[in-house]
């Protein structure tokens, strides 16, 4: 009986190239590993894109734009924010945080923005700038707007390293000796400090209210402190002088008491008559 072999049938998708049944095993191994390498490369690209998006994406609820000159602008104006956003993109060059509800700027609030050139914090409720509030911005920041807030006390440690132009107007500044001593310790542009207009002062009757402090150089807010120091020195000297006088008085009185007791002791001794002495001489001797 003769046997006939039926031809083998390969089922393929349309347009696919036929693969011979006799393909070497090496080709199959290469194909499988090529697919794995392709998947790994694709995952790496996705991770890179995700990290880049996380670093350059816009802050939540804020509006971001890119300028033609380069650099990102982030606008978070009038959003009723109470805390400085901590997700500002690190490639930001301009940040607008005006018309919010910030009451303080904590230390290192903008330390992660190495390219920041403009910072607007105007029209908030700022009453405190903590030391180091603008740390890390000394080499890049060009303009700082702190106008229309509630700043009273000038904290030089908050502006450490800044050489920017600052707008400090429309704040209820309290001018006293500490302010006078603090101004030479900052590197802000001199015109910026002209925005410190005294609403209150210490002493209150020195006549600086309503004046820009830098425009009244003849006013010495530390004069009361100098007077207090002089008075303290005078009181101290008077105290020492009183102690010396009191000691001298005590010493004299103590010696007088010893002399009186000694005199009474001498008087209590029996009288010895010496022949040839007159009665008058004896009386004088007894008195002595």
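The backbone N, Cα and C atoms fix where each Cβ goes, and this holds for glycine too.
Unlike curated entries, TrEMBL annotations are predicted automatically.
The feature transmembrane segment, as given by TrEMBL for the ranges 231-252, 253-274, sits at 231-252. If one looks beyond the domain 'LRRNT' (57-94) by at least 6 residues along the same chain, the residues whose Cβ comes under 8 Å of a Cβ in the stretch are 100-103, 105-106, 109-110, 112-119.
Per DSSP, the secondary structure of the domain 'LRRNT' (57-94) breaks down as 0 helix, 11 strand, 27 coil.
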